[in-house]
Amino acid sequence: MSTDTAPAQTMHAGRLIARRLKASGIDTVFTLSGGHLFSIYDGCREEGIRLIDTRHEQTAAFAAEGWSKVTRVPGVAALTAGPGITNGMSAMAAAQQNQSPLVVLGGRAPALRWGMGSLQEIDHVPFVAPVARFAATAQSAENAGLLVDQALQAAVSAPSGVAFVDFPMDHAFSMSSDNGRPGALTELPAGPTPAGDALDRAAGLLSTAQRPVIMAGTNVWWGHAEAALLRLVEERHIPVLMNGMARGVVPADHRLAFSRARSKALGEADVALIVGVPMDFRLGFGGVFGSTTQLIVADRVEPAREHPRPVAAGLYGDLTATLSALAGSGGTDHQGWIEELATAETMARDLEKAELVDDRIPLHPMRVYAELAALLERDALVVIDAGDFGSYAGRMIDSYLPGCWLDSGPFGCLGSGPGYALAAKLARPQRQVVLLQGDGAFGFSGMEWDTLVRHNVAVVSVIGNNGIWGLEKHPMEALYGYSVVAELRPGTRYDEVVRALGGHGELVSVPAELRPALERAFASGLPAVVNVLTDPSVAYPRRSNLA
């Protein structure tokens, strides 16, 4: 009797792990060298998986998250035992809040010596599990591959997030077998369709609305629903605002895309469709909407907690199906409402014009972004790693394609930028990748410029160097009349640090120097920093409470 089943191949567990990654389309793993990971490294080498090493495990994990943000394929980081895992915890917590599909493979002390005091011995799962969708320890070489498959599936299943597996060293070096089964991501089930009565209520509200608005967020991107959202916006003629990775789903120059008119649009809307973004501090915990605004919430899963204000319709499930069901030509063209918002948008932009050409020394952040925006290509990938300097970027740098805006998300973890930028450029080598950093943020991961140089990753960074922790200094002075622990060394030469590491670096202290310096940075073909001295007296005009 014949059989078509291929015989299982015998291999060490490290190669089995790599083979299961490869079967799901994983071709890059971010890491920092660690002996507990040698068998996984060997497996990756045998399977043709690229290893990218960083100078801190935090950056390896942030880079893996950045990879997932750009590609929507789970990013993978391999972190060594003990301090390697604890160093990656901030990135894991951030990815979990961002719903970024991130798989972390951990080294671990040999199981046969647990409790005996091995180097870097600790049980990772109890402290990783609270910031992960899935956390497990391989109990043998035989189940290592199965756990990798389960981790990949957990990372992408809504709500997506972090999956963690650690591999005791003795198991990782032991022999196992692979039967060549399909990759874990080859057949993923579609999400559920929202209840019909909720869809009917939502469609009815949108059809009768006179001043509708859509507020779209990152889960539109994770839900692969960008085309459905654009169709809904255009067919129902609904103005849209976007944050996070939804920026660019509707191009910034589309007549229905708004940003400066945000307060008016959200505050005066009679119906608001909130898609893929929670009512957290970014939406004033629901307070940005008018007291009589009818709210429709659409997301991939129902939140664990109640919304902070009543919702007329909750639509939970596959976002493409949801938004497609809401699309159509029902209702009016809302032309009067759209014209009101367009007028508000134009007036707000007119008020900015003086700042865009401000010749002050040190520079105004708005002048910095006016010069940079003129050099950015339409598909540029923009990475934000800053406080106030990043907020100005959010205001000034427009997005024209989805998946082009990478910020730290609601966890607000500084130091994420170099990892995100590293991954973005590796994933999209032909596109501009621009990292916008504050001088405070540079201190978290400045040595990663060595990583960028070693791997020949030509990211261009603009540092807003105002010598302070601006997001803390200005509010503290307003509250107390003084500030403490809010100053940095003025004029620090971060550009010289980058040059010493092998990159391109320039200092800009006057406005006339900025455009030529940016042009040279883009033309250098090297990882580049333009270190711009900015005015420490300028505070971003916040309207919301971050807490």
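Including glycine, each Cβ sits where the backbone N, Cα and C put it.
Worth saying up front: this structure is predicted, and the values here are computed from it rather than measured.
As recorded in Swiss-Prot:
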MOD_RES   SER2  N-acetylserine
BINDING   GLU57  thiamine diphosphate binding site
BINDING   PRO159, 299-318  FAD binding site
REGION    388-468  region 'Thiamine pyrophosphate binding'
BINDING   ASP439, ASN466  Mg(2+) binding site
Original post:
Which residue counts does DSSP yield for the region 'Thiamine pyrophosphate binding' (388-468) in the helix, strand and coil classes, in that order?
Top reply: 37 helix, 15 strand, 29 coil
**OP:** Identify, in sequence order, the residues in the chain of ASP439 (Mg(2+) binding site) that are 6 or more apart from it along the sequence and have a CB within less than 8 Å of its CB; answer 'none' if there are none.
**Re:** ILE463, GLY464, ASN465, ASN466, GLY467, LEU488, THR492, TYR494
**OP:** Give the residue from the binding-site residues VAL301, ALA304, ALA313 that has the most other Cβ atoms within 10 Å of its Cβ, counting over every protein chain displayed.
**Re:** ALA313
**OP:** Measuring CB to CB from PRO159 (FAD binding site), give everything in the same chain under 8 Å that is also at least six residues away in sequence.
**Re:** GLN99, ARG133, ARG300, VAL301
Original post:
Which of these binding-site residues has the least crowded Cβ, counting other Cβ atoms within 10 Å: GLU57, HIS307, PRO310, TYR316, ASN466?
Top reply: PRO310
Original post:
In Å, rounded, how far does the Cα of ALA304 (FAD binding site) sit from the Cα of GLU57 (thiamine diphosphate binding site)?
Top reply: 31
Original post:
At the Cα level, what's the spacing in Å between the residue listed as 'thiamine diphosphate binding site' and TYR316 (FAD binding site), rounded?
Top reply: 35
Original post:
Taking DSSP three-state, what's GLU57 (thiamine diphosphate binding site) in: helix, strand or coil?
Top reply: helix
